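A.B. asks: According to TrEMBL, the protein has these features:
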TRANSMEM  17-38  transmembrane segment
TRANSMEM  58-80  transmembrane segment
DOMAIN    60-179  domain 'ABC3 transporter permease C-terminal'
TRANSMEM  100-126  transmembrane segment
TRANSMEM  146-176  transmembrane segment
TRANSMEM  197-217  transmembrane segment
TRANSMEM  229-256  transmembrane segment
TRANSMEM  288-310  transmembrane segment
TRANSMEM  547-573  transmembrane segment
TRANSMEM  605-629  transmembrane segment
TRANSMEM  635-658  transmembrane segment
């Protein structure tokens, strides 16, 4: 008998359970695929996999498992609330509360079994596809083979047993608590004025969290204080969550009441009773709207941050390795001879004389002048550099000075427009300089400040520490052999130049120091590299960015399905009182088109309100990131925001059609 009851209950809510099972199955599929990829023997052979890539995948897997658990246990409570009258009827018919709770336990466990079976089966089918996608994004030349991992299977089976038992037990306790006979509790009903005060308090908490987050992000750039700022991060998250919830709780009912007074809006396509029903539904779903909004805003912020990080990594890579090979005069001849002998197709060779001296540079952060090593190059050589290098720096003419710093903050407008004087040893003070960020031969070649100076000024600089830098572009690869790389590395050891700071810049001097593994490094020491090769860093950059793109792709789709299904279920699941209201509206004379307009408006509100508030919070987050990290995030926000609107719009249209079909079947 109990199984018949469970079967009938599952059949009556088949549309809702199907959406829940499919969304849970997708999350289980992704989690299973991540678990198998971490343990896949094909990827164990990838360079840097054990160094950092595997731990990154494991961390993302546990984060995804945590959010999957939260989603499944949160959404599972919808069905208990929906079946409240059904469970209460069982009790009135003579069933004990324990038996009804057991029915809820078995029903939830059956749903979990179906979801896990589908998810694991799809994971087995799609494992090779996701693995091939990851290998492709990482630019790894290898054949990804299907592998059934017993370690991953055992871990997922443990997670299934644990989560299914917890979900079933939680739903059983919900049903038991729902049936518990207790005295009627008086509920606290706040008027519009008190709710408005709570909304204002929420706005204040949200603004406080926004302003506090700026110094936290600035401190997070220092890796040694991450543990110290963790409590601050938790406080900021709490301020955002509590503040946004109070804003919803305080202002959403008030806004809906104001819209009710605007008859051209509230009565358009409906009547007074229809709008009151719609307003009550939206107020009842305040917590759902808030939950979806915060998850969406968090996801958008993470995606914006990751996209900006992706841009910064590639920008830093281009700045560090603008040429396939860069070298100084000590190694250039050997490299050129090897390129000629191995058949490398050199597209063009670039060169420039450089001189190293001491400069007194203004520090924008501290507001003080610091003595630094400066590498100067003439304007005529800089003008002959590729356009891809010059376009990332401010434009200068033959009489202007350009200061180049290897710092992402120099891309910020404040630094581009800075006009601070530079003092070069034994030279006239340079009163006006433009500031750029992209080194002509790559920041990996040297770590000092670079300056592009007029040719006449360059000729006056001392030649004691002079050099010539070379850069090569190729058609294809450079074809340098591993044997030649080992030979040139053994022959040419990097050295360092130390700035011996005196009481003033005229009394300071430069000292060349050979590098050794056991020597101690001091301040004002600058490493000098004989050559750098782009291919050495390209592999690691491609692998790292490939994994990030893979994770962003999977997390975005999973979040879209999870939040979309959550809203869809909330639209579909109506209690008996709400169904009676819809039937009453039909009896008082509402046509089918007017009822359809109610469903359309409810779906539009439930999807539009989270989109608007999530985008608004993301704009604030983008501004905070822009101010704290001094990076422009408008492009990344625009791209991700438009994609978010388009995808959620499609889910909203699908939800409307499913909801209207359900309503049409119930009221007819």
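Every residue, even glycine, has its Cβ placed from backbone N, Cα and C.
Please treat TrEMBL annotations as automatic predictions, because they have not gone through curation.
For each feature listed, report its degree of burial, its nearest neighbours and the pertinent distances within the displayed model.
C.D. replies: Among residues of the same chain six or more beyond the transmembrane segment (58-80), those with a C-beta under 8 A of the stretch's C-beta atoms are 13, 16-17, 20, 23-24, 27-28, 30-31, 34-35, 38, 87, 104, 108, 159, 163, 166-167, 170-171, 174-175, 178, 291, 551, 555, 558, 562, 565-566, 569-570, 573.
Across the domain 'ABC3 transporter permease C-terminal' (60-179), the model assigns an average pLDDT of 81.
The list of residues near the transmembrane segment (146-176) in space but at least 6 beyond its ends in sequence, with Cβ under 8 angstroms from a Cβ of it, reads 28, 31-32, 35-36, 38-42, 65, 69, 72-73, 76-77, 79-80, 87, 97-98, 100-109, 112-113, 116, 120, 124, 127-128.
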A.B. asks: Short question: which residues 6 or more past the ends of the transmembrane segment (100-126) have a Cβ under 8 Å from it?
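C.D. replies: For the transmembrane segment (100-126), the far contacts come to 2, 5-6, 9-10, 17, 20-22, 24-29, 31-33, 36, 76, 80, 87, 90-91, 148, 156, 160, 163-165, 167-169, 171-176, 179.
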A.B. asks: Return the stretch with the most CB pairs under 8 A relative to the transmembrane segment (229-256), choosing among 17-38, 288-310, 635-658.
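C.D. replies: Comparing 17-38, 288-310, 635-658: 288-310 has the most Cβ pairs near the transmembrane segment (229-256).
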A.B. asks: What residues elsewhere in the chain lie close to the transmembrane segment (17-38), defined as a C-beta under 8 angstroms and at least 6 residues from its ends?
C.D. replies: 10, 54, 57-58, 60-61, 64-65, 68, 71-72, 75-76, 79, 111-112, 114-116, 118-120, 122-123, 126-127, 130-131, 134, 147-149, 152, 155-156, 159, 554, 558, 561-562, 565, 568-569, 572, 658
